[in-house]
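**Student:** This structure is in structure tokens; I'll ask about it shortly.
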Amino acid sequence: MTNPPTPVRPSREEAEEAVRVLLRWAGEDPAREGLLDTPSRVARSYEEFFEGYAVNPEELLQRTFSEVDDYDEIVLLRDIRLESHCEHHMVPIIGRAHVAYLPRKRVVGISKLARVVEAYSRRFQIQERLTSQIANTIDSVLEPYGTAVIIEAGHQCMTTRGVHRPGVSMVTSRMLGVFRDNSDTRRELLSMLNRPGMSEFSA
Ligand SMILES: Nc1nc2c(ncn2[C@@H]2O[C@H](COP(=O)(O)OP(=O)(O)OP(=O)(O)O)[C@@H](O)[C@H]2O)c(=O)[nH]1
């Protein structure tokens, strides 16, 4: 389920040289003063953008709380900021994810749901796979009655290049267990998502 990192990782020097090649290819002079540090900045940025390859998302969910045996309603973490990169053009995908599950016996610290989103986002992705990976991991580790993930995101490969359609967003969802099989549960989730934002509580 997790994508292993490329077995032979190029060195930092090779990565920086690749940036110089791209600069030259774009028509620039990498020796120009303003660009001298750019290859190392780009390499550092890549370490941050793609740190998800070094994270095992399943491990993030290992610590659970089982004392919550009388909570049998939906847990929803909504509006999780999502920053990823499109694997086709290597440009940003920016959006938000909503993650819900119906606990069977264990609940997880809510920050861990956001960490799972981050672990898969910080890789080269397409939105459909990103959505499925997050849902499948939560479902297989927590074994809840159901898991749902909905992602809304803008793709810079569509907004800043190519077809140039600013303002367009892509919506994907993956519903598992009761969210897939029980229309009442799915409707309840969608009504929770449609409630007005509660930003006064999120400061
Ligand atoms: N389904 C899906 N498509 C994506 C995603 N991110 C980017 N794409 C699309 O992937 C497609 C790649 O198409 P290609 O024809 O190979 O590439 P291209 O010539 O750069 O296409 P244009 O973007 O239309 O200029 C484009 O239609 C992108 O909009 C994603 O997360 N999911």
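Backbone N, Cα and C atoms are what each Cβ position is placed from, and that goes for glycine too.
Bear in mind that TrEMBL entries carry predicted annotations, made automatically and left uncurated.
Okay, so TrEMBL annotates it like this:
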- Cys86, His89, Cys157: Zn(2+) binding site (BINDING)
- 16-193: domain 'GTP cyclohydrolase I' (DOMAIN)
**Student:** Long-range same-chain neighbours of His89 (Zn(2+) binding site), Cβ under 8 Å, sequence gap at least 6?
**Tutor:** Gln156, Cys157, Arg161, Gly162
**Student:** Excluding Cys86, His89, Cys157, which residues of the same chain place their Cβ within 8 Å of the centroid of the Cβ atoms of the recorded Zn(2+) site?
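**Tutor:** Counting only non-site residues, the set is His85, Glu87, His88, Met90, Val91, Ile93, His155, Gln156, Met158, Arg161.
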**Student:** Using DSSP reduced to three states, classify Cys86 (Zn(2+) binding site) as helix, strand or coil.
**Tutor:** strand
**Student:** What is the total of other Cβ atoms whose distance to the Cβ of Cys86 (Zn(2+) binding site) is within 10 Å?
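**Tutor:** Its Cβ shell of radius 10 Å holds 18 other Cβ atoms.
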**Student:** Name the secondary structure element type, per DSSP in three states, that contains Cys157 (Zn(2+) binding site).
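**Tutor:** Helix, per DSSP.
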**Student:** Neighbour count, 10 Å Cβ-Cβ cut-off, for Cys157 (Zn(2+) binding site): what number do you get?
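**Tutor:** Total other Cβ atoms inside 10 Å, all chains included: 18.
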